[in-house]
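Undergrad: Following this message is one structure expressed as structure tokens.
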Ligand code: SF4
């Protein structure tokens, strides 16, 4: 229930090296990453002599048309889709950023959130830097500019100063760098086109769209450079490297056809549904999922329970974004416009409703009501993530801590609040087990929004943990 829940991934990145008409390919890649950010989009290209850019607010299809893409000539491109929260909205914060310097042009785009951004910004301003945006992404450009030596050394030394979550694409006239934070919080993968051109994407679903095959993920703490058609990787940090990919990427953000760390997202969600049944079975007639991201978990629950899976809720895909306003009244109306309960399916039935998460609780309450108004006899809610009790500082915009309903209410209180007949969340161990369903999957997960165990220092963000 993306738009209504108040839970937003902030960005997606896509890059291509060595493909004629790179801007068009980038357009298709960004289009497949549109679920990661719908507020703004941009593409920066290189024709090996100079960098050119077009960016704007809106969906990829609104920002670009064939004429605009034709003007972006070159065989290298990096692009970005953005959900405007970090640093706020406005065209100044739309990425990629383009720095024109005496050493040549430098373009940067970024998915994630730098937790020590304010500390670094204050330091850079004291040294004379002037920022043209409130985005934390711009900091990397200023850090690189202030370093000396070979470009790779300057970038590595700059990345070393950043703390938090990032997947960066950095483009010069003749090369692209791709770098991932040392915790691997945000995903970033490398693919290759049949002509040998390299592509980079926040999610592997973008490779399928452009006809690329998956090569490998950029490792946590790694920087990869593609230049002269050659791909070279190295670690940019001496600090400890952890593998702590964001658990919410599996539960909610990523597309079900994407693979993260080699694990298919739909499969993990289906396993989470099965696990949820093992942990919290309930006698009922049908299982339904809240479209779209809860369908996989609902299928898993139904399969494990031996209860039929039904389409009890239908999503209206054609509700414009203008209807989704962050006010209570608009959210009320938004649920009705986006979702319908199918009374011929749910009427007189004991329904198990699977959802991926509860943030504020208001959406769950309205869906339970929709189902009861459509004649459901009982509504048992099962959630395929642990309760969200803490805010995220790693590039996911979720409500402030006082708006997170599970921070204020235990499961019984919340069950009453959403007017369900029963409520249960998957356990943290159960979720880990669902994602690491094969023994060879050993990477760890960030679960800070469930348990408050943040993987980095929080710097001045710590004050946001106060009620
Ligand atoms: S705090 Fe939650 S949403 Fe943020 S990176 Fe960690 S698991 Fe993902």
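For all residues, glycine too, the Cβ spot is worked out from N, Cα and C.
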Undergrad: Can you tell which of 156, 205, 392 TrEMBL lists as binding [4Fe-4S] cluster with 246, 446, 449?
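TA: TrEMBL lists 246, 446, 449 binding [4Fe-4S] cluster, and from 156, 205, 392 it also lists 392.
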Undergrad: TrEMBL has 355, 356 binding Mg(2+). Which one of 293, 296, 406, 422 is in the same site?
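TA: Checking 293, 296, 406, 422 against TrEMBL: the Mg(2+) site match is 293.
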Undergrad: So which of the recorded positions is most packed in, judged by how many other Cβ atoms lie within 10 Å of its Cβ, out of 11, 392, 446?
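TA: Going through 11, 392, 446 one by one, the largest Cβ count within 10 Å is at 11.
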Undergrad: Just checking: which of the binding-site residues 246, 293, 392, 446, 449 have a C-beta under 6 Å from ligand 1?
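TA: Only 246, 392, 446, 449 meet the Cβ criterion.
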Undergrad: Write out the long-range same-chain contacts of residue 449 ([4Fe-4S] cluster binding site), meaning residues 6 or more apart in sequence whose Cβ is under 8 Å from its Cβ.
TA: 248, 388, 389, 390, 391, 392, 396, 398
Undergrad: Looking only at C-alpha atoms, tell me how far residue 246 ([4Fe-4S] cluster binding site) is from residue 356 (Mg(2+) binding site), rounded to the nearest Å.
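TA: If we compare the Cα positions of residue 246 ([4Fe-4S] cluster binding site) and residue 356 (Mg(2+) binding site), the gap is 15 Å.
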Undergrad: Among 355, 356, the binding-site residues in question, whose Cβ has the most other Cβ atoms within 10 Å in this structure?
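TA: When each Cβ's neighbours within 10 Å are tallied, 356 leads.
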